[in-house]
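J.: Got a structure for you, questions after.
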């Protein structure tokens, strides 16, 4: 690019902006203008730039904006979902919020402009960004948050096509000549099948959703797209068409109400007679409403059609339960971007669809609606935020095994310069974790408390783990955490151990939390994850840490993985996560004698609380999960039953007395037996589950029968009796066994 040799006067800035917007309108693309300098200069230059155009509306994402301007704080950027604007002014002086930036840039339509206001580019990486407060954790200061991400961003800005940079006091850039503008800035012509649709893609999507209702049951459709392709609009248009045809009740679900509001907005546009509230649309004898995924699973609300928007942000187990509960479903999700990580969704959920449905249809929306294909702003945002980060090709890593890989702790100064490794690493995190978002990229690069481990095979990343340093508080702060007076940001393990298990010493010890761990899908099940954690245990053991830990949505598979590495479960949240639908588990592994004592005490306290929690807040916990949490590694010693207790158990087990008058001793035997490893060979799954749902969780006979897929009380009692008999013979003393044999023969 050849510079124009004149100073950056406001008049010249005005001319450059006008030329840039003309080029944008001619191409149907969006453009970006970076104004870099002192804050007051940036604000003045932005106003002058906009005054040279007819762009309207203009949205300011900034802490301050001109009088009467439409302004929105970055934290509220999600409210722009589904809206279209001609221009956005994004003030990086107010904080470069990556999540907001990813959201808000998608609202600019073709022919529009992004104005990015920044500190002087050379100094921006060392700028005290307000976003640092989100990244920093005690005992670090905000000044210790590095500028690696911003350094990378500046490099990408300078390399990007369609981005013009004007720096205060420096020579102005040239701007490509603008060809005459064309009126059309959209994608393909509207589908002839539906006048409300703006592209052929969208028309096909609407037809596919309608077919879900009019065709055979249990044949869902899955819509995928990049942002700006009209996916949510297709859901809304299809919903309106179906309601017009007489469908009675549609439920819309998604990660949050604001994420699905575009669905309601597009339906309302075609149903002007409808009464609309924020979470519902009502017609005289029909309507559609929003419900969170966990509510749908808990309450089993009936619906003629379930629309699941941003499905990638919902954990696969929840999606599977929705699939089981509703016979007519349309799923939609974003492949790239802040709304979800669609590639991981495809990997996880398509297998479920293959197993659970009679046949499902996948449909990809390719054509942009708000701008033309090949948009340079979209390309820049994808690259800057790594929205298109991709794990290594399957073929390149398929032969990786523990003995052929190398594990290293990365130098993040080198990582930020190594785009290939960064993309493969972040691509793995995207595949493995449904909640990965752009903020995580900045945290990964700049968080002073983080360590990044990678496992390589022939130069490619096959696994990665992120560790966060936690704990190490002085006595006064530790006591404040234990008493609930303070909750330091970013110290999940010590805070939970102190606040939930009452372990006052926990915040004083030093630990590391394995925040994320991901193994390439092509080599999962080969022991690479175990090898990675084993390496981390060895490396961190000599660094003054007392214990390692992790927190995750509890499943039997994950608990089994951590148990193989000698990580013990010490906590299970009493409520399910609103978005995950899972209870959060904490597992710990000691590294020092102090850590050993803490882990032992934490496990003891957990087992003190667990039996009472199973009978109260955890009554609906999956019995398979409860059984795993109860397990002990060592064989059971004598159980706390006296001779009268054994007599009561025998009386029920052999049909001499009813359950209700023997319940105490039965509970004692159940609790002790299920904690013993030998119970796995003594009991089948149905028998074990019967003890958990009825004896430990104290569900009603009807609830227990439903959980066990039995007809009622009599069948549950029969299962309990046959379950207790082998336990009596195994755990009882010689006298108890003789009495059991007598009753069995009598």
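Each residue, glycine too, has its Cβ placed from N, Cα and C.
So Swiss-Prot says this about it:
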- 181-200: region 'Disordered' (REGION)
- 202, 228, 229, 230, 231, 232, 233, 234, 235, 236, 237, 370: ATP binding site (BINDING)
- 405-617: domain 'N-acetyltransferase' (DOMAIN)
- 517, 518, 519, 524, 525, 526, 527, 528, 529, 530, 557, 564: acetyl-CoA binding site (BINDING)
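Can you walk me through where each of these features ends up in the structure?
T.: Within 10 Å of the C-beta of residue 202 (ATP binding site) we count 29 further C-beta atoms, all protein chains included. The secondary structure of residue 202 (ATP binding site), as reduced to three states from DSSP, is helical.
Looking only at the domain 'N-acetyltransferase' (405-617), the predicted model's pLDDT averages out at 95.
Around residue 529 (acetyl-CoA binding site), the C-beta neighbours below 8 angstroms that are at least 6 residues distant in the chain are 463, 517, 519, 561.
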J.: How many neighbouring Cβ atoms, not counting its own, are there within 10 Å of the Cβ of residue 517 (acetyl-CoA binding site)?
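T.: By my count, 22.
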J.: For 525, 527, listed as binding-site residues, tell me which one has the smallest number of other Cβ atoms within 10 Å.
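T.: Lowest Cβ count within 10 Å among the binding-site residues (525, 527) is 525.
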J.: Across all chains shown, how many C-beta atoms besides its own are within 10 angstroms of the C-beta of residue 235 (ATP binding site)?
T.: 29
J.: Measure from the CA atom of residue 557 (acetyl-CoA binding site) to the CA atom of residue 237 (ATP binding site) and give the result in Å, rounded to a whole number.
T.: 40
J.: May I ask for the distance between residue 233 (ATP binding site) and residue 557 (acetyl-CoA binding site), taken between their Cα atoms and rounded to an integer number of Å?
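T.: Rounded to a whole number, the Cα-Cα distance is 38 Å.
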